[in-house]
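Remarks on the structure that follows.
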């Protein structure tokens, strides 16, 4: 796509400053709802998971190398005092080599994420290195559990280092397999050969490495000061930094207690940064991507259902098909809706699709996170039981209780692991459980907590704090919420509709007052026009009628540099053109009762209006949650960029199975609203037909609504100003030739 409208002025300026070097491209797909979710996982989620768990696997490899794998544990002695049995030199050497290979693989992935090493070079190095480490550790642990077993077997146990080797092998194999999927997807051109990550997400791997190094080095320092086994110190450091604090290992020396204060403070903050980045991936990037995909699936399902049931009349544009010379009524369908009103109903349908999909996504995310948390709880308890039963005679309930106290970071310390397998597994398990718990709490806030809060507000509304809508509507709203939207679905109008219910917050009361004034004036105009219809009905039927319905402005004139729409007075009964327009008001006044300002009739005022709206929408970008515009607001902004919600020629019927490749140039809100100052015929031909419930609807775009509108307004303003500049240059050229002549 060319840049005739100045779409990427800032990018061109930066490229010039960089001496012609190419800027990194934005790899985020423009229409993510059309791409299967599996490719988003492959291009974004899998690299993030690998970047997080890869360093964890290497940290466990270090733990598997620093101590021997076997201990002598005679019956009746303390397991903490068990003597280490030196490993064969070949085992230590091979273990050290695989650790070096794994570190090189991690370094290649880190350089790839920071764009210091090409994807095609880094990924094979990372994948091969991790697979080599995984297979090497599997071979070493299998060998150790066979030929290296000493007799009598009940007097020898595996140390924590042996178990860390097993956990490391599992993690290496998992992350290598994930990166194979990512690499194959890029090779098959499902996405660019680069990670689709934000700058903050690209640093997640570095944050993870920093935290793990901090934990391991801190454990080394405290093991020397307190006289602990190093791997016991790793367990203590994890219990401390995860804020569980069992109390089975505590610093007793004055120096140790003094160093604990800064060590724990810095470590907890570092862990919070890592957890925050992981939460950002799951709850922000993942939420946005899955929302878009679920809306697309819900949209297709809704269109398919409406088509099969024959209830798809609202999807068909209302066109005037009467023969020439015959007086035409306002174009309408069997339900009596004009095209503008039909588009409004179509818009409401799309909002309902978005709301239903968002609700389903929230509860699905809650179900997935709850299930994952329960699996970690139940399965973790079973593994703890198998490790601790030979040493403490635990029951499953003891392990169940211990796992819950650990997950919730209560950490009473009355039940703690003492076995080598139990302590090492707790470190591995806690690294997985803590982010899961964080995501679960966030999802609960979006579902259960939100439902309780809304229910409390509704109970207050129908009892002690009545709302402005009246008791009956408040009661219906309350019953609708209790029934999860099944009762009184059509009788209650959400205001404003959107992803999160009350998503649009109106903070400025003056805007409401202005809208009320405008609406009152518009209703007065409608009454005057309706009265005029009755007086002129008989005479007007014999005159030629235009073939288009009344719209608030001519979209072609908006795109023209000389005229930018009809003024408000052109709709007055006494205006010269009103006689031909009034006939179209025969059916309940065809001008919809919408708050719709007029576009200025001259270029200068039109440009000022564009600038004012750009400033207003820029303020909307600050809204949280993101602002969701009403249909009337959308109609106004679309008029400003050259679209007309009352013009059926611009609209099409949405198809249930429209795909990106199949309808790439046929339907497209993203491509269809450029508005770059072309002449009327060229612009009409270049704007594809589209539908609010189509796959290329502005509501289906990857951008927030305010971002989309701001981009199109900026493009329109740029095109208009370029047109003014060209006209001025042409005028100077003409006058220059005359002067020379």
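Each Cβ is built from the backbone N, Cα and C atoms, and glycine gets one as well.
Note: TrEMBL annotation is automatic and uncurated.
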From the ranges 14-35, 234-255, grab the one TrEMBL calls transmembrane segment. 234-255
Paired segments the transmembrane segment (261-283) and the transmembrane segment (234-255) in contact, 3+ CB pairs under 8 A: yes
Sequence-distant contacts of the transmembrane segment (161-184), meaning Cβ under 8 Å and at least 6 residues beyond its ends, amount to 42-43, 46-47, 49-50, 53-54, 56-58, 60-61, 63-70, 95, 102, 109, 123-124, 126-127, 130-131, 133-134, 137-138, 140-141, 144, 195, 231, 420-421, 424-425, 428
With DSSP helix as H/G/I and strand as E/B, how many residues of the compositional bias 'Polar residues' (688-698) fall in helix, strand and coil? 1 helix, 1 strand, 9 coil
Ranked first among 234-255, 363-387, 393-413 for CB pairs under 8 angstroms with the transmembrane segment (204-222): 234-255
Over the domain 'Potassium channel' (211-282), what does the predicted model average in pLDDT? 93
